[in-house]
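Pulled from TrEMBL, these are the features on record:
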TRANSMEM  A:146-163  transmembrane segment
TRANSMEM  A:175-196  transmembrane segment
TRANSMEM  A:208-226  transmembrane segment
TRANSMEM  A:255-276  transmembrane segment
TRANSMEM  A:283-304  transmembrane segment
TRANSMEM  A:341-363  transmembrane segment
TRANSMEM  A:375-399  transmembrane segment
TRANSMEM  A:405-426  transmembrane segment
TRANSMEM  A:438-462  transmembrane segment
TRANSMEM  A:474-497  transmembrane segment
DOMAIN    A:525-648  domain 'STAS'
There are 2 protein chains.
Amino acid sequence: MGHSTVDELGMELDIKSTSSSHHHSESIPYMHKVVVPPKQNPLKEFTATVKETFFADDPLRHFKDQPRSRKIVLGLQTIFPILEWGREYNLKKFKGDLIAGLTIASLCIPQDIGYAKLANLAPQYGLYTSFVPPLIYAFMGSSRDIAIGPVAVVSLLLGTLLQNEINPKDDDVRYRRLAVTATFFAGITQVTLGVFRLGFLIDFLSHASIVGFMAGAAVTIALQQLKGLLGIKKFTKKTDVVSVMRSVWSTVHEWNGRSIIIGMSFLAFLLFAKYIGKKNKKFFWVPAIAPLISVIISTFFVYVTHANKHGVQIVNDIPQGINPSSVKEIFFSSEYLIKGFRIGVVAGMIALTEAIAIGRTFASMKDYQLDGNKEMVALGTMNIVGSMTSCYVATGSFSRSAVNYMAGCNTAVSNIVMSFIVLLTLEFMTKLFKYTPNAILASIIISAVVGLIDTEAILLIWKIDKFDFVACMGAFFGVTFASVEIGLLVAVSISFAKILVQVIRPQTAILGQLPRTTVYRNIQQYPDATKVPGILIVRVDSAIYFSNSNYIKERILRWLTNEEEQLKKDSLPRIQYLVVEMSPVTNIDTSGIHAFEELYRSLQKRNIELVLANPGQVVIDKLHASSFASLIGEDKIFLTVADAVLTCAPKMQEP
Amino acid sequence: MGHSTVDELGMELDIKSTSSSHHHSESIPYMHKVVVPPKQNPLKEFTATVKETFFADDPLRHFKDQPRSRKIVLGLQTIFPILEWGREYNLKKFKGDLIAGLTIASLCIPQDIGYAKLANLAPQYGLYTSFVPPLIYAFMGSSRDIAIGPVAVVSLLLGTLLQNEINPKDDDVRYRRLAVTATFFAGITQVTLGVFRLGFLIDFLSHASIVGFMAGAAVTIALQQLKGLLGIKKFTKKTDVVSVMRSVWSTVHEWNGRSIIIGMSFLAFLLFAKYIGKKNKKFFWVPAIAPLISVIISTFFVYVTHANKHGVQIVNDIPQGINPSSVKEIFFSSEYLIKGFRIGVVAGMIALTEAIAIGRTFASMKDYQLDGNKEMVALGTMNIVGSMTSCYVATGSFSRSAVNYMAGCNTAVSNIVMSFIVLLTLEFMTKLFKYTPNAILASIIISAVVGLIDTEAILLIWKIDKFDFVACMGAFFGVTFASVEIGLLVAVSISFAKILVQVIRPQTAILGQLPRTTVYRNIQQYPDATKVPGILIVRVDSAIYFSNSNYIKERILRWLTNEEEQLKKDSLPRIQYLVVEMSPVTNIDTSGIHAFEELYRSLQKRNIELVLANPGQVVIDKLHASSFASLIGEDKIFLTVADAVLTCAPKMQEP
């Protein structure tokens, strides 16, 4: 642990400050007052709060004191960061981006086809979604490492939510129309959050519950793949473990041996490739191209052996050509407008959470700043455009972004490269996927989602914070045993509950003096800290607001009562001063002031004086505004606990 | 302001700790380590959190180490506090209670009749509600000063919510049945909150929004009384200012001169009585009995002059006899069950908020403790019993409780006395109210609710906290210009928004050294505090959780960037150490640890060392569990900022 701790002067001085009269106030040579800050304009104060809440990053900083033409350029650069980094783009950077782009393209094409199935859409919609959105993002996004396209969790979530409304088998046109409607509103949601600077809303999903949700979604997705892997034709529409396993066992007679052999052997191959890539970072490209290789080999195998005539299900025709327009498919009226809106909001938020988490991770690895609100506008725009070009919700894919990063991408140009490859695929190669067996897509998806189960993170959460672990497991079991929506609901609720507990039950601590110092610390943490006779020092570890003011008042009185009972039992002198260390109290509201007034009255009844130590800027201001400071006496407010003790101890009445 | 501040040793020592080499580490004589607390059992840790959240007051404290028979007695006393205080009851106490009881009875009878009208119920239901609930409360409640019965705001709220469902004029039986159903569920809600120790939920309504809500409700109620005061027959069902004023103006031709004269003159009398009571506390009984006197005089006047035949509306017959049973009237099935439940939950919560606020206020004035959860059980039980005896939702009345207190009540026996007087009234005197003019009830209600507009509190809120003021005004205008429910919704939403802002945007501050001390304080608050060259000291003023971890990381980096830009401009030496003062950081979760890891990586890229000062018990534990402590190096964690500065400064590289 920290190697040094002298007292706060860095000198060894054996002060007997626990004896009650070693210092007389007249010997105090220098006085530092608790400063009351100058009165602020209320409007200014309010503006400052609003600014810090919504414009914490001061987005207009660069625009200050600039000529008008420059402002226009800066404005355009803000919306299209490509105008900024594009000017310094060079061949060397392109080399990295080209390799990275090719690598993620080879990874995304088979994934896209599989993910589209998760969303109950035809395979080409996955490819469409890997063509338009990455292009838009490349112009507007500010992350250099993210790889855009359809992702497993959002596909599953969208598929589940959509099929609650319309059965895709009954009415696939209307289902697809609802999907683009949801995508449109997902984009609108994302842009809105960005423009109104509500990006902080996604911070309400805690890391722990995201880890649990992702792991649960991965398990659910993997289980869904049993359909393709085992060649089952009739499969449950539910996604929970129990229903899926029941569905799997009840159809044992349907299982297709060839499918199983193809699926399992390639799954083993893919997992082995993943293992190699993990073992040696140099071979990151092995798991990246393994899926495409699997597709090629297995497709060839099926084509040659006519396995599709022996029950091996295949992809079948994917229409040739790039994204058709879907502007007219979006529901702008009818009952589906509301449904699409609701689904879009949920899917948009989850997509956002994933993209921002990925963006932040890689930004911190390369040490560049990511503007969350700007990102949201970029992601939202790409989904709005996507919804008009037959795409469904796209976002940043964790697995592909990691490959992108490791393959040495430098800018979003790698997304353009990938997009171009997908374009070529759509134009010229869709026919090649006709004989691709579904089993291989299943094994590709399984090997992809395995990475979403972050056991290391789960273990770490268990080690660090038990409450977080409960949230994590809640989300996990919610997804696996109930449904994706329930899991999400559990994750959000537990996250909120945690915030509320934090707000309503702040911590308090009894302080004691560390030997041979004037430092006062929690006696629970520092058992050698000693209490000062006759003085009880309580530290309140939170802003004092209506939500906790009563609790804090009662907690302080309870500390006092316990202490008094203990002192009485040991026939020690009674408490004469209660020092409240206010350093951590960053703010106080009217309820808090009331609570303190009540505390003061209770203490008066018990003949104990209330003393405050180190109230901060805002607090001291409010103590004065409410004239609480003059109620307890301004000479009862000290800069430090040590000051308070030094002043109170000599004044103590003999017991 | 606080008169003394020496440095933390109480001595004047001019340390040049801002020069970078005045102390060499070898000269540091005594080291105090940041202590890592012993590993706790995770289950125990979890239990402790749960206990502090739900059983903060340790309700079973008294039961510890007691023989079994004693435990039973204590258990009974816990449920029925009367068994405890009743044993010490004596004649002297009864004298106080008798006078107080008679006073509040004289105040409550006319109020009851008026409040029942607010709830769209017949007058006797107001009286019923002042008979049974106070009796139950006297046995189970622990407040000594609260006066139980129907109150204006809850009556209005209940009336509004009920008439949204059923028009009382169309179907008064069903309306009444829904009212008792709602009352039943209000009681159930209250008991449930108490038993499951969820009492803290009512703390989520902030003081400020309650003040605004109450003031708004008072204005609304007063406006409603224009109907009775002006003798209007057809009145709007809406409660907002605009609708009511329109309704009043459009019926100018209907106004009844006699009603207006009676109402206005007695209103003047009542307000004058109130003024006298306020002016001199000795005359508190003047406003207390003024309503009854007004009723008697005006009733006599109407009876003698037959004013009821000239358009003066009167109360008419009130059936004689005590509360009939209403057990069978509660809807336990049909669509009204859910409606009653919903209305009951809202009305129950508001009633609870009012009662607990009153209870706490008077408890702190007489310095006794009030157990919130126990109170809820008592209030809930009284409403459940009330719902079975034709009462509607009862709670503590602020105006009557204040009179009760000033009249010298000692225990809840004053409620029993009041209850007894109401019993006598119901049995023998209902006929006397036949000719009581509605106008007089209107003026009694107006004079009662005027007290709910707490202008002093509103002014104080404006002075102390602008955000609170917005909440207060939001609730006020919500109630007056929209409806009671909207006002309530606004109050709750603003309260929540405030909590969220607190949680997502914690404060941070740059610290500097106060001259001639080793104390480091916010340089904004203490302009004479000086920064240490080459070292940036940032204090984080909140627990670091998922909801703010990103913000905190980015805020710290922004402080750093600003500082670096400033230093560059002034060609001063660059920052080499970033000291994060963690004293106020009471907890950190996995997201927080991640944010710190990202901060650490960013700093590494900038060649700046990360140093932590004074992490608390929980935090240091988690820093170790996550091995973040070993990542940054355990010698980078110090007990105080002063220690950190003393150790870092000498190691600084020459710029």
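Along the chain as shown, residues are numbered 1 onward.
Using N, Cα and C of the backbone, Cβ positions are placed for all residues, glycine too.
Nobody curates TrEMBL annotations by hand; they come from automatic prediction.
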**Asked** Is the count of Cβ pairs under 8 Å between the transmembrane segment (A:438-462) and the transmembrane segment (A:341-363), pairs 6 or more apart in sequence, 3 or more?
**Response** no
**Message:** Ranking A:146-163, A:175-196, A:341-363, A:405-426, A:474-497 by the number of C-beta pairs under 8 Å to the transmembrane segment (A:375-399), which range is first?
**Reply:** A:175-196
**Message:** Is it the case that the transmembrane segment (A:208-226) and the transmembrane segment (A:146-163) touch, counting contact as three or more CB pairs under 8 Å in which the residues of each pair are 6 or more positions apart?
**Reply:** yes
**Request:** Look over the recorded stretches A:175-196, A:255-276, A:283-304, A:341-363, A:474-497 and say which has the most C-beta pairs under 8 A to the transmembrane segment (A:146-163).
**Result:** A:341-363
**Message:** With helix taken as DSSP H, G or I, strand as E or B and everything else coil, how many residues of the domain 'STAS' (A:525-648) land in each class?
**Reply:** 62 helix, 21 strand, 41 coil
**Message:** I'd like to know the mean pLDDT over the domain 'STAS' (A:525-648).
**Reply:** 89
**Prompt:** Where else in the chain does the transmembrane segment (A:175-196) make close Cβ contacts, counting only residues six or more beyond its ends and a cut-off under 8 Å?
**Reply:** 54, 119-121, 125, 158, 161-163, 165-168, 202, 326, 329-331, 336-337, 339-341, 343-345, 347-349, 351-352, 372-388, 390-393
